[in-house]
């Protein structure tokens, strides 16, 4: 964040911690190119070479300091994580009631701690300019916090149950932030940052576990414990259509950001589904593909999936501690990533580089570089 409120410098809030590098390699001093082959050192466990340094070359594909970075600092399960719009920063939220702000690159310094809630923070989202954080909490409130100075801007308290999910419109409405929230109380509320109370509400008969705006923002998608996804017309709050196919609670929703033609959903039935959201869809059920391989157990947290920015890949974590990345076109798993020691609750793709962010019940986050290739230098 710069001094004018932009996203380039860093406020130093009290109590910040430091990110930790987790990699089997140690980077040498980088050269002038950002993505060239770089010399690395590691300890081989092969026969006859134990303890001996082995030179390796890794074709790097990102500006991360190492191919994998471990971020620690939360004191409870990490439930949500999101890159800022620029990709220079990221935010995470936890059962410890804190939102931590981190640098994506360098040592991944934790430069800020936000405490807008009195209970677990289930989901967070950045404003389009990267200056505010929106949050949904088990304290039944929706928060808006200034990410440049840590000050609370608004706290909406009309829900009577745990707030499970939030979604913000990507464009301002008259200079205001417009946010939708879904709660265990069965209500979907829409908030205008200029107002004190909700400006719109939709009553649903079951707890709402996930909310997501369409790219055009005239449709709001909601997921629930009744296994259904509803598409609501935001102009009059009417139900446009229902997506059915999941056989258990819908835990997360994500819209394809480049075209807006597809919606991704995850469920406790251990399926990730791809839905065609175009007005005139040739598929009666609108379900275009089912991705399998990310199991969720009973009592698992609300696990959220993600689209890559070019829409060629989707990713989701699971109770098996792995992250699966699928090819959208073929439905095949292209990566199955280890590293966490607990359920992986949310993943997010970097907006500009091949980097995946993950949040886990093991109290940590991982930044992982995709598509890098390692080879031994003889």
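Cβ atoms here come from the backbone N, Cα and C positions, even for glycine.
It should be emphasised that the depicted structure is a prediction, and the values quoted were computed from it without experimental measurement.
Annotation comment: TrEMBL describes 7-21 as compositional bias 'Polar residues'.
According to TrEMBL, the region 'Disordered' annotation covers 1-21.
Counting residues of the repeat 'WD' (71-103) by DSSP class, helix then strand then coil, yields 0 helix, 19 strand, 14 coil. The annotation repeat 'WD' is assigned in TrEMBL to 71-103 (among others).
Sequence annotations record features per position, and here TrEMBL assigns repeat 'WD' to 114-155 (among others). Taken together, the residues of the repeat 'WD' (114-155) have an average pLDDT of 97.
For 156-201 (among others), the entry in TrEMBL reads repeat 'WD'.
DSSP places the residues of the repeat 'WD' (201-242) in helix, strand and coil in these numbers: 0 helix, 25 strand, 17 coil. The repeat 'WD' annotation in TrEMBL covers 201-242 (among others).
The feature repeat 'WD' is assigned by TrEMBL to 243-278 (among others). Counting only same-chain residues 6+ beyond the ends of the repeat 'WD' (243-278), those with a CB under 8 A from a CB of the stretch are 165, 209-216, 219, 221-225, 227-231, 285-292, 294-296, 298, 300-307, 309-311, 314, 316, 318, 326, 328, 346.
According to TrEMBL, the feature repeat 'WD' maps to 306-336 (among others). Beyond the repeat 'WD' (306-336), the same-chain residues lying 6 or more positions past its ends with a Cβ under 8 Å from any Cβ of the stretch are 252, 254-259, 262, 264, 266, 270, 272, 274, 289-291, 293-297, 300, 342-352, 356, 358, 360, 362, 368, 370.
TrEMBL lists 337-378 (among others) with the feature repeat 'WD'.
Residues of the repeat 'WD' (306-336) grouped by DSSP class, helix first, strand second and coil last, total 0 helix, 16 strand, 15 coil. Within the chain carrying the repeat 'WD' (201-242), a Cβ under 8 angstroms from the stretch's Cβ atoms is held by residues 161, 164-171, 180-190, 248-257, 259-260, 263, 265, 267, 269, 275, 277, 286, 302, 304, all 6 or more beyond its ends.
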